[in-house]
Amino acid sequence: MTNIRKTHPLLKILNNSLVDLPAPSSLTSWWNFGSLLGICLAVQILTGLFLAMHYTSDTATAFNSVTHICRDVNYGWILRYLHANGASMFFICLYLHVGRGLYYGSYTYTETWNVGILLLFAVMATAFMGYVLPWGQMSFWGATVITNLLSAIPYIGTDLVQWIWGGFSVDKATLTRFFAFHFLLPFIIAALVMVHLLFLHETGSNNPTGIPSNLDMIPFHPYYTIKDILGLLIMLTALSTLVLFSPDLLGDPDNYMPANPLNTPPHIKPEWYFLFAYAILRSIPNKLGGVLALVLSILVLAIVPMLHTSKQQSMIFRPLSQCLFWLLVADLLALTWIGGQPVEHPYVIIGQAASILYFSIILIFMPLIGTMENHLLKW
């Protein structure tokens, strides 16, 4: 008798993606983050759905509705903090996933990589709009500052900003549309995830060595399902510890004050996961230049496959490239720190130096070192 999972039209697709999928035998824990991101997305959609049942997207009641969720709704507090800190977990996994792709040369699978960049932009847009919804001080001023950046676009900038705002300032219309898009985007992200996986399964997964592993494959289940479950347990432990012991650790205290258009907070800053891009934005004294640098800080990933000069795919056998990669990681951590500091000396100059280094490593040093290592291989 044939197995139903191999014959049923729907189960067959799941079987070929999750059970009988041939996977390289040498995958490390760095390959866990794809499944963790899928679980993060599911958690965010579920908690978000229940939060949306009690939230009101009106400037007069939005702040109070979030308070109501935390105080009066059964387990509303845990839903709210799972959703808020789940976003932080999402970005931790995202950045580690992208870092893994850079280190092991997974960007050579250009279709998968480009869909991944689209996903990154979509998740960032969703997180930004979600941060506006509680309608606290930082929500309001963050929305004002970031949307106002679009006014730097020549000719159409001002009209575009007013069109997004639905008026002459961030107000009721803005909040309502942000809620609508914040609700819609995760489902678009889920569809893009399917496309991401479709392209991945066309080529098969990369592995730490960067050497084709067609001769040494093992079934995804049980080997990698059990490995993914371990990763899931570690992530859930970290998330639940954060939610239950210090749920406001990563938030901004200013967001516990209702939005007041007449009172600007002393330091307007986004959530921690956007600070590196915010630091790059602030390090350029020109408004349009800053906006371009902000977009390019993520979009630069799209040209990484074109700049791959090395004869080896992975960095595992390339010590010079490894040094450069970890310098990039340190630089991003420095940018994250600078993004949270006030705009004053010495933070400004450190931010500018770190921004220049960020683009230099990716656009200049990585390709140069790759070429150099090719020559060293001939010796």
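Here, residue 1 is simply the first one shown, and the rest follow in order.
The backbone N, Cα and C atoms fix where each Cβ goes, and this holds for glycine too.
Taken verbatim from Swiss-Prot:
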- His83, His182: heme b b562 binding site (BINDING)
- His97, His196: heme b b566 binding site (BINDING)
- His201: ubiquinone binding site (BINDING)
- 33-53: transmembrane segment (TRANSMEM)
- 77-98: transmembrane segment (TRANSMEM)
- 113-133: transmembrane segment (TRANSMEM)
- 178-198: transmembrane segment (TRANSMEM)
- 226-246: transmembrane segment (TRANSMEM)
- 288-308: transmembrane segment (TRANSMEM)
- 320-340: transmembrane segment (TRANSMEM)
- 347-367: transmembrane segment (TRANSMEM)
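Positions of Swiss-Prot features highlighted on the structure.
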residue: His83; record: heme b b562 binding site; contacts (Cβ under 8 Å, 6+ apart): Gln44, Thr47, Gly48, Leu51
residue: His97; record: heme b b566 binding site; contacts (Cβ under 8 Å, 6+ apart): Phe33, Gly34, Leu37, Gly116
residue: His182; record: heme b b562 binding site; contacts (Cβ under 8 Å, 6+ apart): Gly48, Thr126, Met129, Gly130, Leu133
residue: His196; record: heme b b566 binding site; contacts (Cβ under 8 Å, 6+ apart): Thr112, Val115, Gly116, Leu119
residue: His201; record: ubiquinone binding site; contacts (Cβ under 8 Å, 6+ apart): Asn16, Ser17, Leu21
Other parts of the chain folded back onto the transmembrane segment (113-133), taken as Cβ under 8 Å at six or more residues beyond its ends: 55, 57, 62, 66, 87, 90-91, 94, 97-98, 101, 106-107, 139-140, 142-143, 146, 174-175, 178-179, 181-182, 185-186, 188-189, 192-193, 195-196, 199, 270-271, 273-274, 298-299, 301-302, 304-305
The transmembrane segment (178-198) in contact with the transmembrane segment (288-308), cutoff 8 A, at least 3 CB pairs, sep 6+: no
Segment-segment contact (the transmembrane segment (33-53); the transmembrane segment (226-246)) at 3 or more Cβ pairs under 8 Å: yes
For the transmembrane segment (77-98), sequence-distant contacts whose Cβ falls under 8 Å of one of its Cβ atoms, 6 or more beyond its ends: 30, 33-34, 36-37, 40-41, 43-44, 47-48, 50-51, 66, 69-71, 116, 120, 123, 127, 130, 235, 238-239, 242-243, 247, 250-251, 271-273, 301
